[in-house]
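Just below is one structure, and these are the notes that go with it.
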Amino acid sequence: MAAATLFFLAGAQHIMVSEAFACKPCFSTHLSDIETNTTAAAGFMVLQDINCFRPHGVSAAQEKISFGKSSQCREAVGTPQYITITANVTDESYLYNADLLMLSACLFYASEMSEKGFKVIFGNVSGVVSACVNFTDYVAHVTQHTQQHHLVIDHIRLLHFLTPSAMRWATTIACLFAILLAI
């Protein structure tokens, strides 16, 4: 009887354990009441051919015939997703701009994780806006990539259209704007 009870309790504990998430905070306690809504774009599918590293004046057909398809080029097929994030700003001082910068950094992180195949969930974790992914999937991904000992870049970042220089200028301008608002 004791063994049966022990097995029952162990089984109940396994059922009650919730899913673990690895979260990256957006470093802001001034944004609260986070709500997200992800909906699929109804009625259509996207086929996107990303041509990259093609010499100037060479067409896609000529490149495929002469060189084959480059490993850096991808064709993306899928249904676009509309993601709505709603947040209330509780402090209207210079921290408002800092909050927006931190949130944009979180969105870049989320786009990278989404590009790698993770389902990103935004949530309020202990009062801090965070981008979360499934912990088991994250550990498997890190383990897989740390076991590979080569540093070949075999993908391009589809969602990153801003260069590091543009991001530095955007950060500088936003910080100057925050200082002017504080004065």
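Each Cβ is built from the backbone N, Cα and C atoms, and glycine gets one as well.
Annotated signal peptide per Swiss-Prot: 1-22, in sequence order, evidence recorded as sequence analysis.
Residues annotated as topological domain 'Virion surface' in Swiss-Prot, with similarity to another entry given as evidence: 23-157.
Here Swiss-Prot flags ASN37 (among others) as N-linked glycosylation site.
Residues or ranges marked as N-linked glycosylation site in Swiss-Prot (evidence: sequence analysis): ASN88 (among others).
Feature annotation from Swiss-Prot assigns N-linked glycosylation site to ASN124 (among others).
Look at Swiss-Prot and you will find ASN134 (among others) tagged as N-linked glycosylation site, backed by sequence analysis.
The annotation transmembrane segment is assigned in Swiss-Prot to 158-177 on the grounds of sequence analysis.
If you look up Swiss-Prot, you'll see 178-183 marked as topological domain 'Intravirion', on the strength of similarity to another entry.
Taking the topological domain 'Intravirion' (178-183) as a whole, pLDDT averages 83 in the prediction. The Cβ neighbour count for ASN124 (N-linked glycosylation site), using a 10 Å radius and every protein chain shown, is 15.
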